[in-house]
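Per TrEMBL, the features are as follows:
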type: TRANSMEM; residues: 73-93; note: transmembrane segment
type: TRANSMEM; residues: 155-173; note: transmembrane segment
type: TRANSMEM; residues: 185-203; note: transmembrane segment
type: TRANSMEM; residues: 223-247; note: transmembrane segment
type: TRANSMEM; residues: 267-291; note: transmembrane segment
type: TRANSMEM; residues: 327-344; note: transmembrane segment
type: TRANSMEM; residues: 356-380; note: transmembrane segment
type: TRANSMEM; residues: 386-403; note: transmembrane segment
Amino acid sequence: MLLLMTLRSGLAQSKMQTIRFMHTAGRQKTGPNWRSFIQKRCKSTAVSEMAAPARAAVGSLPNSAAERIMGRWLLVCSGMVAGAVILGGVTRLTESGLSMVDWHLIKEMKPPATQEEWQAEFEKYQQFPEFKILNHDMTLNEFKFIWFMEYSHRMWGRAVGLAYILPAVYFWRKGWFSRGMKGRVLGLCGFVCFQGLLGWYMVKSGLEEKPESHDIPRVSQYRLAAHLGSAVVLYCASLWTGLSLLLPRHKLPETRHLLQLRRFTHWTTGLVFLTALSGAFVAGLDAGLVYNSFPKMGDQWIPDDLLAFSPAFKNFFENATTVQFDHRILGISSVAAITGLYYFSRRVPLPRRAKLALNSLIAVAYLQVTLGISTLLLYVPTPLAATHQSGSLALLSMAIWLMNELRRLPK
C-alpha cells in the first residue's frame, strides 16, 4: 500500500512538471512553439537511439561472419600457394629456373621492353654455367621463353605475399583476430617472406661455377627440397586453418576406434607429406630419367647401384637410383596406408562429410600412383610430370581435409 502511494505521488509530480514546462514554453514569445519543440526532441532522441547500434557495428562483425571471411581468405591463399608450387614444378621441368640471374624485389618486376634490354639480359645469362655447358647454341627467342617462365613464377610468388599480408593487416586493424589467430597469421606472413628468400638461395646454387664438374648445371637438391617442403608446409597450415574456420566440428563419440582412426589418419598424412618431399629430390637429380620401368628397376627388384656412394647415407640424397627407389617405396606405402585407412574407417560411424573426404582421399591416391607410373614409363613428359606433381598436392589436401573432419571438439 505504501509502495502504491509512492508511485502515485511520483506520477503526479511528473505530470505537474510537464504542465509547468509546457506553460513556460508557451509564454516565451521569442522561443519556438512548444509542440514543435517536443516533436524535435523526440525525433532527435529516436534517431540517436537508432544510430547508436549502427556506430557500434562499424568495424566489427559477428564472430561467425568474420570467421567465414577469414576462412575463405586463407583458402584463397592456400590455392595461390598451390599455384606457385605447380608453376615452380613446370619451371623446373622446362629447365627455366636459372634464366634470371639477378634478384631484385622491385626492379625485376618490369620485364625487358626493347631489343637492347633483351640482348643485355641474354648476355648476362651467357656468363653462367647453364648457357656455357647446356644451352650454348640457344637463340634469343628461346631465351625469352625460359626467362618468362621464371619471371611468371617470381611474380606469382610476390602476388602470394601480397595476398597474405594486405588482408592480414586489414583484419588486424578491424580487430577480427583472436589471440591465437594473431600468432598463426604472423607465422604465415613470416613464412611466405622466408619462402622468397629461400627461393633465391636455391637459384644461387645453380649459378655457381664448378670447374671440377662437367655435369648439367642444376640447383642443389637439398635447397630444392627445402624450398618445396616449406611451400607445402605453408600450404597445409593455410588450408587447415581455413577449413577450421569454415567447417563446424562434428560431435563424434570418443570411442577407442575413433581415437585409433585419428592416429592412423595423422600418420598417413605424414607419410603422404614425406612422399611429396622425396619428389623434390627426384626432380633435383632428374632421377625420373633412370630405370624407366615398373615394377622392377630394369631387370631387378633391387638394382646393383643402389648403394654405390660412400658413405652409405649419401645415397639417399645424392644417388639418383636410390632417390627413385625411395620415392617408389614411399608412394606404394602411401597408397597401402590409405587403403588400410579406408577399410579401418568402416568400424567407425562417420558423418557424411567425413565419408566424402575419405572417399576422395582413396580416389586421388590411386589416380596419383597411376600418374606416377605413367610419368616414369613415358620418360617424364612435361605435361604428365606437371600433372603428377599437382596430384601430390591434391592428395595431401584430401588427407588434411579428413584430419580436419576428425578433429576433437574443444574442451
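Placement of Cβ uses the backbone N, Cα and C atoms for every residue, glycine included.
TrEMBL entries are annotated by machine, without manual review.
Keep in mind it's a predicted model, so treat the numbers as computed, not measured.
Remark: the transmembrane segment (267-291) makes no contact with the transmembrane segment (155-173), by the rule of 3 or more CB pairs under 8 A. For the transmembrane segment (386-403), the list of distant contacts is 82, 85-86, 89-90, 93, 232, 235-236, 239-240, 243, 262, 265-266, 268-269, 272-273, 275-276, 279, 283, 334, 354, 357-358, 360-361, 364-365, 367-368, 371-372, 374-375: same-chain residues at least six beyond its ends, Cβ to Cβ under 8 Å. Sequence-remote contacts of a segment are chain residues at least 6 beyond its ends whose Cβ falls under 8 Å from one of its Cβ atoms, and for the transmembrane segment (223-247) they are 67-68, 70-75, 77-78, 81-82, 84-85, 88, 92, 184, 187-188, 191-192, 194-195, 198-199, 201-202, 205, 273, 276-277, 279-281, 283-284, 353, 393, 396-397, 400-401, 403-405, 407.
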